[in-house]
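Copied over from TrEMBL:
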type	residues	note
DOMAIN	53-147	domain 'Methyltransferase'
Amino acid sequence: MSRNAELKKIVAEVGEDLIWRPLYDSEKNPLAGGIGNEIDGIDPEFKELDFTGKTVCDLGCNMGFFSFYAMRHGARKVVGYDLDSRVVAGAKKLADLYCVDNVDFCICNFTKTEPDRTFDMGMLIDIIGKAGIRNGWLDSMLRGLEKRSESEMLLTFRPVYIVDRHLSLTIKEFLEIYPKAKVEDDVFYLLDYVIEFYAENWEMTYISKEHPEKRYYKNTVHFKRK
């Protein structure tokens, strides 16, 4: 079977509705559009970030789009973690198909499972969103990333949310879940929350370019351990 035929088979097995980022065949023809592209807005902007020689974990990796990105940009070893066994199986097949031996994928709920190892850099890209915040998972996601990251963390998320419109919660319900959150005029300032969450041990660099409507799109931030 040709490589392109293998790729089409992988997409069919996983299902396009589960693939978050675009997937192409060897001639750059689209096999899956990636359901997250339109949802996320601007793509993460970390082209200048140095991955050279680093070990990296990609939490909520889906089909490994950013796991493979880190590998191509010099990471020594990358491990992607995801809850869904179908996307993990698909990502493993992609790695095998391209003969990539320094990228691996594992099924894991990183919000509940203690890490079996740590990495130079942890990535949490396109994971923090409405459902996770609404269901009270934000702190456990941030904590799961920190536990696995030795010296650097890379995250993307929308910097603000309107509590009732975006999260379908009353202010009272929201503050019962996140009593330390900053809320003004029904707006939850997630960027401030994340900075404060990590303030004791980490320093943040804001990576995203200036954009007139950047508050409505996922922004990219990079943390270094103090």
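Glycine is treated like the rest: Cβ placed from N, Cα and C.
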The average per-residue pLDDT within the domain 'Methyltransferase' (53-147) comes out at 95
Secondary structure split (DSSP) over the domain 'Methyltransferase' (53-147) reads 36 helix, 22 strand, 37 coil
